[in-house]
Number of protein chains: 2
Amino acid sequence: MLRLVSNAAESEEKIKAWRTKMLYIIGLGLGDEQDITLKGLEAVNKCHKVYMEAYTSLLSFGLSTNGISNLEKLYGKPIILADREMVEEKAHEILAQAHHDHVAFLVVGDPFGATTHTDLVVRAKKMGIDVKIVHNASVMNAIGICGLQLYRYGETVSIPFFTETWRPDSFYEKIQRNRLMGLHTLCLLDIRVKEPTLESLCRGKKAYEPPRYMTINTAIEQLLEIVQDREESAYTEDTECVGLARLGSEDQMIVAGTMKQLQLIDFGEPLHCLVIAGKTHPVEEEMLDFYRCRT
Amino acid sequence: MLRLVSNAAESEEKIKAWRTKMLYIIGLGLGDEQDITLKGLEAVNKCHKVYMEAYTSLLSFGLSTNGISNLEKLYGKPIILADREMVEEKAHEILAQAHHDHVAFLVVGDPFGATTHTDLVVRAKKMGIDVKIVHNASVMNAIGICGLQLYRYGETVSIPFFTETWRPDSFYEKIQRNRLMGLHTLCLLDIRVKEPTLESLCRGKKAYEPPRYMTINTAIEQLLEIVQDREESAYTEDTECVGLARLGSEDQMIVAGTMKQLQLIDFGEPLHCLVIAGKTHPVEEEMLDFYRCRT
């Protein structure tokens with residue numbers, strides 16, 4: 001009798017498990033394949049289809065450095081790279097699969113980090129698909145390693161590449177406000193991946209520009225151009241900053257110094273980001289000292 | 001000959017490994033023992049002494065729920081709980097060990113998350129000890145799950161328990177500034193662990209108050225008291241907020257609603273935190289809709 005009850009309970013469990021298919025959105029952290037959490041890896045193991053957001057991931061887990069194949073080896077299953085078009089245009093397909101099967105969508109950093117995946121979550125929920133988030137580190141909290149306290153940051157800004165005809169500088173007011181309040185500013189630097197060429201746009205055939213990642217040097221150059229153009233001084237070339245390259249990787253590089261000093265430094269491979277310091281406290285200064293450039 | 005060279009290289013490797021003892025500061029993430037990263041677990045495996053910051057961890061990985069023993073089982077070694085006093089007063093002891101041995105210091109969330117460990121890093125570096133950080137999710141980025149975009153947050157505030165004689169409200173101006181700029185405010189709520197009793201302070205014997213964790217309800221009560229006292233209205237009881245309890249855990253609870261609505265909700269066990277929404281965008285609204293309370 002007990003066995004019968006137990007069997008019934010087991011079947012119910014199975015039916016429930018069969019019904020509750022899941023879309024897992026899994027943060028991979030910032031460094032390499034070893035930065036996934038045990039919980040994330042367990043979720044990947046459950047999934048029949050594993051997608052990976054390719055927009056920023058080509059970089060951290062770059063095809064060039066065998067990053068994707070390292071991930072595939074670790075997971076023991078293939079990964080489908082979902083580029084920006086696929087996520088935006090074919091989200092429906094990915095989500096439709098999650099009706100029948102566990103599906104994993106891998107994201108560099110945290111699912112709700114710098115690049116947000118809110119839209120995918122909203123669509124899934126509207127389709128009645130259960131979504132489970134597996135969190136991980138992202139630039140938004142790992143930046144704390146530079147020594148400037150996370151609760152002393154103001155609004156985060158994104159700095160886009162200037163072109164000859166397009167020089168948006170709305171981020172300037174945000175930096176200005178943060179500095180007036182003595183707050184630090186995290187500047188996320190532009191990433192241009194799979195941008196259609198002008199020619200391809202005209203001819204209707206798809207062809208892409210080579211990927212471009214803004215360096216700390218370019219960011220500072222643009223930042224200083226803005227204050228020059230505006231004849232204002234929310235910051236100057238003597239303002240203290242921290243430049244961070246490949247944050248969270250084995251070969252990360254962190255240097256504190258003035259804009260003028262950092263502009264002379266070669267930070268190497270992407271991704272780069274920049275913090276413009278606000279008012280600093282003694283314990284923050286002590287940490288910055290370890291990173292200060294000795295020029 | 002080749003073998004000899006290889007042996008020499010191996011010995012050199014061993015000497016190098018022996019010399020480069022390391023203090024690993026390892027983020028455990030927010031949920032349970034499965035939230036450690038593969039990199040973090042590998043680092044723990046290398047260490048002879050494993051300390052764990054007990055200030056917030058007693059909660060997430062609570063002794064009451066066998067959390068610590070789950071961690072010990074996973075690691076296959078004992079964990080030494082380092083309470084606030086130990087970290088502040090006996091950091092030297094912990095660090096002295098890192099001169100001879102690999103030492104792990106486990107931290108709930110990210111090493112540089114809400115509770116910062118900058119001071120331990122600074123001391124270690126001054127003693128010439130190599131420090132390695134293993135990042136993980138923290139409230140500072142996992143809060144993104146509520147749907148309000150991370151780059152639209154202003155300065156984070158901490159809300160302390162009011163007492164009859166001590167009602168600090170400097171966080172009010174920060175919330176006010178954020179709201180004026182249309183930014184969201186993450187409110188971290190007070191944790192009182194191992195607070196000496198008044199009696200123990202007088203008599204010089206150590207005795208502690210039972211731990212206290214601020215609820216969302218208390219936080220809102222205090223927030224509304226402040227605007228009433230000041231006769232100002234940076235926010236009102238009709239201001240939209242999101243209450244989050246046990247963020248990152250299996251039983252996390254997220255509810256969006258006005259202060260008045262959230263005040264009536266029982267969010268259960270700690271930890272709680274609160275977001276006061278600024279100006280919201282349509283995609284943020286869509287996400288909030290999934291969490292909105294139906295009262």
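Cβ atoms here come from the backbone N, Cα and C positions, even for glycine.
S-adenosyl-L-methionine binding, as stated in TrEMBL, involves A:Asp110, A:Gly113, A:Ser138, A:Val139, A:Leu189, A:Leu247, A:His272; the candidate among A:Leu30, A:Leu38, A:Leu41 given for that site is A:Leu30. Between the two most distant C-alpha atoms of the annotated S-adenosyl-L-methionine binders (A:Leu30, A:Asp110, A:Gly113, A:Ser138, A:Val139, A:Leu189, A:Leu247, A:His272) there are 17 Å. Checking the binding-site residues A:Ser138, A:Leu189, A:His272 against chain B with a Cβ-Cβ cut-off under 8 Å leaves A:Ser138, in sequence order. Scoring each of the binding-site residues (A:Asp110, A:Gly113, A:Ser138, A:Leu247) by how many neighbouring Cβ atoms lie within 10 Å, the top position goes to A:Asp110. Mean pLDDT of the predicted structure over the domain 'Tetrapyrrole methylase' (A:22-262): 89. Annotation for the binding-site residues A:Val139, A:Leu189: lowest Cβ count within 10 Å of the residue's own Cβ, A:Leu189.
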